[in-house]
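Taken straight from Swiss-Prot:
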ACT_SITE  Lys35  active site, proton acceptor
ACT_SITE  Tyr253  active site, proton acceptor
BINDING   Arg130, Met301  substrate binding site
MOD_RES   Lys35  N6-(pyridoxal phosphate)lysine
Amino acid sequence: MSRPIVATINRAALRQNLAIARQAAGGSRLWSVVKANAYGHGIDRVWQSLAETDGFALLNLEEAILLRERGWKKPILLLEGFFHPADLEILDRYRLTTSVHSNWQIKALAEAKLSAPLDIYLKMNSGMNRLGFQPEQVNNAWQKLRSLKNVGELTLMAHFADAESTEGVAEPLKRIEQAAEGLECPRSLANSAATLWHPQTHHDWVRPGIILYGASPSGRWQDIAGSGLQPVMTLTSEIIGVQQLAAGSCVGYGSRYRASGSQRIGVVACGYADGYPRHAPTGTPIRVDGEMTQVVGAVSMDMITVDLTPCPQAGIGSQVELWGNSVKIDDVASASGTVGYELMCALAQRVPVQTE
């Protein structure tokens, strides 16, 4: 028998989340963001459940090629663009849309021999200071690209660092409007948070990511609790051992937890080598036999320990939900000082994955 841990991907939830994102986007077209192997869910496993989208946005050429080979004919956007001039031959062959964020990429496009023009997303730095042209550089970069025979449809693209708040989009929007003055151009600005909460950012294309997988862009599940969004990934395991502690007994590496009285604890077949956060402290929520309880002691490579006080009937073989419909991944992440995005992406290869 295999170790009892398994991740389950709910394709119906994925389809529902896409429909909710579509409704939130109004009349805007929708890029479904499937970077990082579809946020750890497996791009080859989930893309068909997102087939009603208008396009896929990702990073890796390998994933773009996979989608084309699987029969996807609608647009694919490379969010970080191409990394070497030689990549343009691949973009041409597979008809990929690319972001452009640096002058060297404009030069490469000017010099490339392509069979047909490529659609381009000109990336503006709206204040996040990662990729993109500064606002005062946008017009010049736009005009250069517009003059190239290798450039087809040209779209202005930007990203919000703080779209969870109204203030977080107001100032970047001002910069974008100033930079785009006089340019007749489609725009793609909205990430998940902006798609849900800031319709003034929607424009021509929105780019939802984390909400497709049923977690909150703010990191707070309560912010999307009434939206209809559903967790797509559920991570479950079983109790594989039980210990009866006396008062003063310690648990796990570093003896970080000490029982204040007589207490039963369960040992769960899941650890940080499976992608569970190593820094999850005592008190992190977990569900055993349908009852909410908590992690106690340090997370080990292959095991965690949980308090069985709320579920005295639990024993060997009892079902454990680490995150999913009942234990929100955002709550586990928040307790552990991280975000749901990271936990999804950190799911280890050794964890079996099934779909339903």
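Cβ coordinates are placed from backbone N, Cα and C, and glycine is handled just like the others.
On a predicted model such as this, the values are computed, not experimentally measured, just so you know.
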Query raised in the report: How far is it from Met301 (substrate binding site) to Lys35 (active site, proton acceptor), counting Cα to Cα, in Å?
Result: 27
Report summary line: Around the Cβ of Tyr253 (active site, proton acceptor), other Cβ atoms found within 10 Å total 11
Report summary line: Taking all protein chains shown into account, the Cβ-based neighbour count within 10 Å for Lys35 (active site, proton acceptor) is 18
Query raised in the report: Roughly how many angstrom lie between the C-alpha atoms of Lys35 (active site, proton acceptor) and Arg130 (substrate binding site)?
Result: 17
Query raised in the report: Taking the Cβ of Arg130 (substrate binding site) as the centre, how many other Cβ atoms fall within a 10 Å radius?
Result: 10
**Report entry** Pairwise CA distance, Arg130 (substrate binding site) versus Tyr253 (active site, proton acceptor), rounded so that it is a whole Å
**Finding:** 39
Report summary line: Cβ neighbour count (10 Å, all chains) around Met301 (substrate binding site) is 11
Report task. Would you mind pulling the DSSP three-state label for Lys35 (active site, proton acceptor)? Result -> helix
Query raised in the report: What does DSSP call Tyr253 (active site, proton acceptor) in the simple three-state scheme?
Result: helix
